[in-house]
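**Student:** What follows is a single structure, and I will ask about it in a moment.
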């Protein structure tokens, strides 16, 4: 019986042979049935990661693969050097006692060492486990224990000290720790510097490593990704070799970026590699297409990203909504400081850009003559200021992009393609690109995959369910959770609510776990309301709706502020855009405290006016915001309110600001 027939039988809910591997497994050493299509997309020959890596190392051998900043210059590794360095790391891991299917934890910011460890681990037959650099010691302990981490790779002394806070009896599986950035401040048994670690395996023969590589199968686990825990305890998502290699190939096709032809594609790595979106775009797709990955500075998200972009000028750029929002703020601030003539030119070009690109979106290609002028006078300069002048593909993932941000960049000739998915589907499920694009849509289903809307209502809105070679193996050691995510026919239930239009574009309208159910039994999806509030009130940074089991809805608001460049913490000082908003109203406020202490009348009135506009668009009275409160500090990753990709951690926020929430319902 062929793999295609077995997968087809299981999709129908039947199993023709009892000995067939299941579509799921919760064990590190488990094997699953691959979801091969009968023909076309999804029918490609399965490959292991080592097979893909070796093929690319041979094909792109002399091309630069990785680049990291060393003072004022960039040090690069070719694909050939990259592959050999990963083999060297693999031998050292074997020397340290790494066995098949044992886990190697990586704790630190994106770097050559991070990626080499990940690939070295997989070549050595182990499983790569990324740990978010922002994790607390307790969160690190959870991952180490749950995955039985065998070897731990940490970035620097700061991360090492975090690990040393974990009680030794909770680290019994850890055989060794490697620190990949100097200086090495501690001296202890089984602690190695990166250079010493890389020399450990010199006496391991090539044939020993090759045997391990040849023993690997495409339907076995290669990577474990931990969910960010925005809706509960993090779970270890098991991804197979085929999940990774097939999805990287499918995405390079959908993103319209192929193997090297003429100019090499370049990417800037700055989003945490522990997240599937970054791992796919910064490691796996570049290996597939022969792209060059530049590593940004560790403080990229605290303001230095734009300098790296201006220097590197990537051809592909992936952002999360918060990054695009900050870029929008920067552009607006620059325009606000410009002359009256430049402001007029900017407004004219934006209006023309939105008109032309909206037509393009619908398949119309007629471009007016003055569009070239707008491109030269405005669009090209905006791209250059962002470091995106060589960029031909722009993407956003991790959470929905607002209509305001999407149309703002579309009007500047920067169409941002949304990618929708989750860790459990190896990253993407639907993709938008410049050829397949609609504002507010996250595109069409990845070729070779299937989509189902489960339990649809009369408007055609239902839970998004997925089938394809991108669907994960299961959750590590969590059978019950795995069987909640995968139904009896193998469909992955996303927990997201969406609808399809007549052209098969997917629109996500909410998330089941985030829906608020009022005391009157009304279901309210918070994201559309929160997004509208941020669009209507320019001073608002974050908005979070509350009111589960309550008589009415309330909202927590934070204001746009400056950020501490070193710590990433939001400051009390208002951002340039926020100050401009206040000045336009006649307020002299320059800090959040100024607004809160005096309960600045004009600012509060303006916010209420924006809330009133949002309420006018409410579906019913139960969807209206009755009360709101401004918090003293903006949300941040460091403060615990945001996840690694800047998603709201609703349960954390609800608990942290319980007193403020209670005050709205008691007053």
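Each residue, glycine too, has its Cβ placed from N, Cα and C.
Copying in the features that Swiss-Prot gives for the protein in this structure:
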- 227-235, 418-423, 496, 511, 624: ATP binding site (BINDING)
**Student:** Check the binding-site residues 227, 233 for other C-beta atoms within 10 angstroms of each C-beta and report the one with the most.
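**Tutor:** Per the Cβ count within 10 Å, the most buried is 227.
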**Student:** DSSP three-state call for residue 227 (ATP binding site): helix, strand or coil?
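**Tutor:** Looking at the DSSP assignment, residue 227 (ATP binding site) belongs to neither helix nor strand, so coil.
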**Student:** Report the same-chain neighbours of residue 496 (ATP binding site): residues 6+ apart in sequence with Cβ closer than 8 Å to its Cβ, ordered by sequence.
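**Tutor:** Same-chain residues close to residue 496 (ATP binding site) (Cβ under 8 Å, separated by 6 or more) are 420, 463, 464, 508, 510, 511, 512.
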